[in-house]
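Feature annotations, courtesy of TrEMBL:
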TRANSMEM  39-64  transmembrane segment
TRANSMEM  70-94  transmembrane segment
TRANSMEM  165-184  transmembrane segment
TRANSMEM  217-238  transmembrane segment
TRANSMEM  244-270  transmembrane segment
TRANSMEM  291-308  transmembrane segment
TRANSMEM  314-336  transmembrane segment
TRANSMEM  365-386  transmembrane segment
TRANSMEM  398-414  transmembrane segment
TRANSMEM  453-473  transmembrane segment
TRANSMEM  544-563  transmembrane segment
TRANSMEM  575-599  transmembrane segment
REGION    809-848  region 'Disordered'
COMPBIAS  809-830  compositional bias 'Polar residues'
DOMAIN    1019-1173  domain 'Pecanex C-terminal'
Amino acid sequence: MSPDVPLLNDYKKDFFLKRFPQTVLGGPRLKLGYYAPPYIYVNQIILFLMPCALGGIGTLLYQLGILEDYYTAALSGGLMLFTAFVIQFTSLYARNKSVMVERILTTDILAEEDEHEFTSCAGAETIKFLIPGKKYIANTVFHSVLAGLVCGLGTWYLLPKRITLLYGSAGGTIVLVFFGWITLCTGEYSLIVNTAIETATFQTQDTYEITPLMRPLYIFFFVSVDLAHRFMVNVPALEQMNQILHILFIFLPFLWALGTLPPPDALFLWAMEQVLEFGLGGSSMSTHPRLLIMFIVSVGTAITSYFIPSTVGVVLFMTGLGFLLSLNLSEMGFIFKCSITRHRVGTKSKALPSGSEKQLTWKECLFYIMILVLALLESILLHHFACCSQISKNSPQAIVGYILMVLLITLWILREIQSVYIFGIFRNPFYPKDVQTVTLFLEKQARLMKIGVVRRILLNLVSPFAMIAFLSLDTSLQGLHSVSVSIGFTRAFRMVWQNTENALLETVIVSAVHLLISSTDVWWNRSLDTGIRLLLVGVIHDRLIQFISKLQFAVTVLLASWMEKNRRKSTTPLCILNIVFSPFVLVFIAFSTLLSSPLLPLFTLPLFLVGFPRPTQSWPGVVGTAACVCADTVYYYQMVPGLTAALQSAMVAGSLGLLLPGSHYLGRFQDRLIWIMILERGYTYCCINIKGLELQETSCHTAEARRVDEVFEGAFEQEYTRICSINEHFGNVLTPCTVLPVKLYSDAKTVLSGIIDSHDNLREFKGDLVKVLVWILVQYCSRRSNMQENVHKTENKGKASLIILPALNTSPQTQSPDDTDSLNSEISDNWSDDIFGDEPTTKKGKEEKDQLKVLQSINLPIPGSVESQSVDDHSTGKVPENSLYKAVLVGYPAVDKGKQEDMVYIPLMEFNCSHSHLLSLPEEWMSNCLPNSKMREMSSLFPEEWYQFVLRQLECFHLEDNVPNVLEEIAKDMVLKDFYVRAVMTCYCSLFGVDSTDPSPSHILRVYNGVLPWSVALDWLTEKPELFQLALKAFRYTLKLMIDKASLGPIEDFKELTNCLEEYESDWYIGVVSDEKWKEAILQEKPCLFSLGYDPNMGVYTGRVLTLQELLIQVGKLNTEAVRGQWANLSWELLYATNDDEERYSIQAHPLLLRNLTVQAADPPLGYPIYSSKPIRIHLY
């Protein structure tokens, strides 16, 4: 990386220096970057201090004893309400007075840089600049009322007498009151005057004007604690909290400016996730509506359990609801809805969609019902008969605790031996070594899969029932339950199913502590019941894991900055400061861990801030709805179903470690990078999102992809001599887990130098093209005949036969056109073999001609051929198989389908064989466009022996007669052969022109891409789109045949050539990458694909071959906090600092942090994955 890469360019640096003071002060723009009259700044200062002045009036009256505190708050709030309405309606009047009304629909960054012309102190332009106003009238009223409440309650909150009573210090009161009013002024200015651009930005656009509510929301929270302290006397904890919050209140502007406090929308989602996960035993959800619904239902469950009077009923309710809420209820609801629909409609055989059938069946529903019944029976029997009031080491609950300890150790061992590394450090001696092929890997992994089955049974069946026994035997459920019992045990009974492994660990810790500390005098045993103990252990365990992960991420950032030699001079002071002030860095990490918010490395440097708390998904949008779709997206579409199945096996076996919502995994295969995120986790299911990163190899992308390859190669492809080797890339944010066998396309590119430019190959190419054209046309006519036969039999079943008039024994008259002197004049002079020039485009096909047209003359330059206009098959019907004539209707009106009228057919040509019409070409393909002399010359190239061989090989006729004899007769039909000669050689001339010279490689490439040289034959061909596609297909098949012959050897006989073409037809798609049919072939999983290309940098022709096969995808687990931290910086850098420079420092490649790949994987518009799946649910059984 170049040392000249700036963190912020000069323009963005000036922009940031103007924006940040505005954020700190809550909206006043005191640094504009251009000249403004002094009254602009004076007006902003007056508006900023207005709440302080109005609140000061009430405070003064209170201090003088004239008003009580609540009257003081009402007076200040009323004055602020009136002032807010005046400010808002003044802004509205100024906007209406303007010639052009400007409404700020979105945050326009460029508008902030516009220079305004101010005419007067109270002019319309000045008012619009100072007070932009609200987008909606409702917000104008709501924000004004809210401003009055904030000022009134803030005045009450900052009354000097009240603060003096709280702290007993006059000096402290002065400081708190002064800076407290600064905080209030920043909140009020942002609410009613000009909204500040917050560093804590969650949404890319503030559509509903939520940002102005952010600062008043936190002010209300601080005031609410003070009000609670006022009205709830003698609560020491509340008084201490109020004292602490009064001190924190004056630091709110700095917390807002640093982006530590979340905006309202992110705060709401984060709070629901935290309460649902740690307070109610649930999991973060894959979508925000699911999160809201699950939160409401879970809260209702806890409240309901509190009001159940019977302890038996409480145990049954908690056990049943805990199990049901841990299931994927959306799938069960879908099945129930479909079953009801089928019952109402009355369909008997109609099944569910295939995707739902694969996800959930009735057998699985029956399994869940059995588990639920057994859990209810176990809990009620143990609670009623086996629960004892005495707590001892020999009690039934203690015995179950010992069993749980054994289960925890066993499950941990069985999970760790499934992955390539133990603890991410030591090489697993049981994992297959040197894994490079699917067959070898599956053979070596067979024993591990058997162990995975044992682990699955212990995890899904044995462990939950053992934990239910532990909880049912607890003495806390025997007496009258309290709020703590309802919350704690509601969470515990649900965690048993929702996250069995974590619940098992928590239960073992609580049981072990209980066995070690059996004294009832200890606070742990005296004041807390088992449910609350489990809750506390769960929170501590989660925060401890986060702290370790954040600490590892901070050390990695520190090492990454030190390793960059080009920037070592600038990063060395930061590294030294981090070491010297390491205690403060640890405090930042601890505070970030406490809030469960990302640790934000500013510009990905070792300059750490505490990011604002946000949901697990990190982004506000719906998962899978946005991606930068391109031509390469189709490869991920094809891969995802197989990858999902492979992930299911790996997750069930435990190869991917502990599955927690918010975990990230990275998969690698050739040039493909797959980003996997766990969104939701429940009993026997997991919800994930799969993203595909770009395939184009930029410098940053290539550098990090190379390091990913090195990490995986060191884990899976390297031979280890020692039993437990060390992970050489332990400091990387990526830790290898396992390899997954997936059916996907391998991509191979070859240089065709020496093949496509060989004169011998090009000479053979022309002869092979004629043969391939013959084969393709015969196959097409054969399939066409079969389809027509089937349609004819279906439509005319039960109908009388058509009446055909006897044939007239009149021989057709031929009329030859005048031969031109030179056919070379038909070829445009602008056709060139220079592939670097502008490619000529083929002339578009003309509009379809009228179905019925009187033929003025019949032009039959070759005996046995006929030129006529096609008649709609549906209007005229079909000629019966026993007809010996080929007829065309002339001048007769169209007949409605299904009607039978007297038909008159004029026989024009008689085949030598009665069955030749089965292989006859479409009539419009029989017309003439080349002179007779040229056609006679070209007909010598027609391979008659090959033509007869192809006909004799047909096996698709359903005739009562002897098929081989019929095919022999058809092959000897000279009239039919003449039709094929004319069509084949005309197509040949369209592709090569009329010259006899060998084609050049550039000509091959142009025609392969569908760009043909202009000629009369091309005009004729483009009028027949179906024939044009067949000719182009034959050309591409011939090119592939030429490459195969050069690589594998020559074709020995006709049989081998037929087999080769049949393989192309069934197993290959040969075309252009940019075609839609290429994408369709990939989605249909065609076994092989081929395309021809040209590399202008190397000046060589290339062939690209995609082969569908089962291959190994290497998967590793990413440091979750590293991803969250870098995404938090990305959000801050792009949404606040607007640093969208494509060469900025924070997007540069780094082998330890994988910065570029992490930025790519972010949701658009900040990231740019080319594929993002909707939430995919995987069943873990």
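Each residue, glycine too, has its Cβ placed from N, Cα and C.
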Exercise. Restricting to the same chain and to residues at least six past its boundaries, which positions have a Cβ under 8 Å from a Cβ of the transmembrane segment (575-599)?
Worked result: 260, 262, 270, 274, 542-543, 546-547, 550-551, 553-554, 558, 561-562, 606, 608-614, 618, 1121, 1124-1125, 1127-1128
Problem set entry | Contacting positions for the transmembrane segment (398-414) when only residues 6+ beyond its ends and CB under 8 Å are counted | 392, 451-452, 454-455, 458-459, 462-463, 466-467, 469-470, 473, 501, 504-505, 507-508, 511-512, 514-515, 654
Exercise. In this predicted model, what is the average pLDDT of the domain 'Pecanex C-terminal' (1019-1173)?
Worked result: 92
Problem set entry | Whether the transmembrane segment (244-270) meets the transmembrane segment (544-563): three or more C-beta pairs under 8 angstroms | no
Seminar exercise, completed: Within the same chain, the residues 6 or more beyond the ends of the transmembrane segment (291-308) and with Cβ under 8 Å of it are 269, 272-273, 275-276, 280-282, 284-285, 314, 317-318, 321, 325, 481, 483, 486-487, 489-490, 494, 615
Exercise. Are there residues at least 6 beyond the ends of the transmembrane segment (39-64) whose Cβ is under 8 Å from a Cβ of it, and what are they?
Worked result: 25-26, 28-30, 32, 72-73, 75-76, 79-80, 83, 87, 118, 121, 126, 129-131, 147, 150-151, 154-155, 158-161, 181, 184-185, 188-189, 193
Problem set entry | Spatial neighbours of the transmembrane segment (453-473) far in sequence, C-beta under 8 Å, 6+ residues away | 315, 319, 371, 374-375, 378-380, 382-383, 386-388, 395-397, 400-401, 403-404, 407, 410-411, 414-415, 418, 489, 492-493, 496-497, 500-501, 503-504, 507, 511, 530, 652-654, 683-684, 1180-1181
Problem set entry | Long-range Cβ neighbours of the transmembrane segment (544-563) (under 8 Å; 6 or more residues past either end) | 571-572, 574-575, 578, 585-586, 589-590, 592-593, 596, 599, 601, 604-606, 608, 731-733, 1119-1122, 1125, 1150, 1152-1153
